[in-house]
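Below: the structure, in structure tokens.
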Amino acid sequence: MILPELFDLWQETLEWQPDGAQQARFQQLYDLILEGNQRFNLTRITQPEEFWEKHLWDSLSGLAWLQKSQPDLLTKSLSVIDLGTGAGFPGVPIAIAYPHWSVTLLDSTQKKINFLEEVIDKLELNNTKTRLGRAEIVGKNLKHNCAYDIVCLRAVGNVDICVNYALPFLKKTGIAILYRGQWSAQDSLSLEENLGKAGGKILEIASFTTPLSESVRHCLYISKK
């Protein structure tokens with residue numbers, strides 16, 4: 001199956017669009033996901049337009065606020081880690097879109113790490129590596145503690161737990177991006193209380209509508225105090 005290109009939609013919504021080589025890698029990633037799904041369950045999202053929106057576009061939407069608020073930051077050589085990456089989202093699309101960044105894909109499941117090693121090899125993502133382990137343990141490792149400019153977490157678990165996983169990986173000036181669905185004012189109050197105890201603070205809570213299905217998504221941007 002062929003992925004839609006939707007270059008204009010990329011530009012309109014995220015003020016970015018893939019070049020030809022990046023689009024080819026997105027297609028190759030899609031092909032590998034479809035093939036991998038025959039061996040083990042990677043994702044239920046396999047139709048071309050849904051894959052484009054819920055995996056590719058959604059992965060890069062987390063950087064939209066940074067693009068607007070700190071555009072110079074994205075031009076630097078940043079270190080990024082994707083916690084609980086699963087099939088490689090958002091980490092692999094980020095690595096494709098920002099080849100000057102160093103991206104680490106962390107997951108606790110060996111078969112997913114094996115699959116991601118295959119993806120990295122076939123897409124020739126020289127800026128990307130994997131790490132097998134659990135976030136709450138790896139974050140205490142001296143090599144990874146306070147080591148990253150950007151920490152991404154697209155897991156659907158409890159947000160307070162996600163924050164506690166993310167903060168140890170952050171440099172003092174780093175930013176954690178938590179991808180969420182629905183979000184409320186009460187959620188913000190609860191998060192602020194937990195962050196106060198954990199030594200973090202909310203920089204921004206961005207709300208946006210997905211371009212095809214028009215569903216509401218949120219990204220939380222968090223830093224250390």
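For all residues, glycine too, the Cβ spot is worked out from N, Cα and C.
Copied from Swiss-Prot, the annotated features are:
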- GLY84, PHE89, ASP107, SER108, THR109, ALA135, GLU136, ARG154: S-adenosyl-L-methionine binding site (BINDING)
What span in Å does the S-adenosyl-L-methionine site cover, taken as the longest CA to CA distance among GLY84, PHE89, ASP107, SER108, THR109, ALA135, GLU136, ARG154?
19
Sequence-distant neighbours of THR109 (S-adenosyl-L-methionine binding site) in its chain (C-beta under 8 A, six or more apart):
none
Select the most exposed residue of SER108, ARG154, where exposure means the fewest other Cβ atoms within 10 Å, treating these as the binding-site residues.
SER108
Ranking the binding-site residues ASP107, GLU136 by other Cβ atoms within 10 Å, which is at the bottom?
GLU136
Test of understanding: give the count of other CB atoms lying within 10 angstroms of the CB of GLY84 (S-adenosyl-L-methionine binding site).
21
Under 8 Å Cβ-Cβ from PHE89 (S-adenosyl-L-methionine binding site), six or more apart in the same chain: what's there?
HIS55, ASP58, SER59, ASP82, ARG154
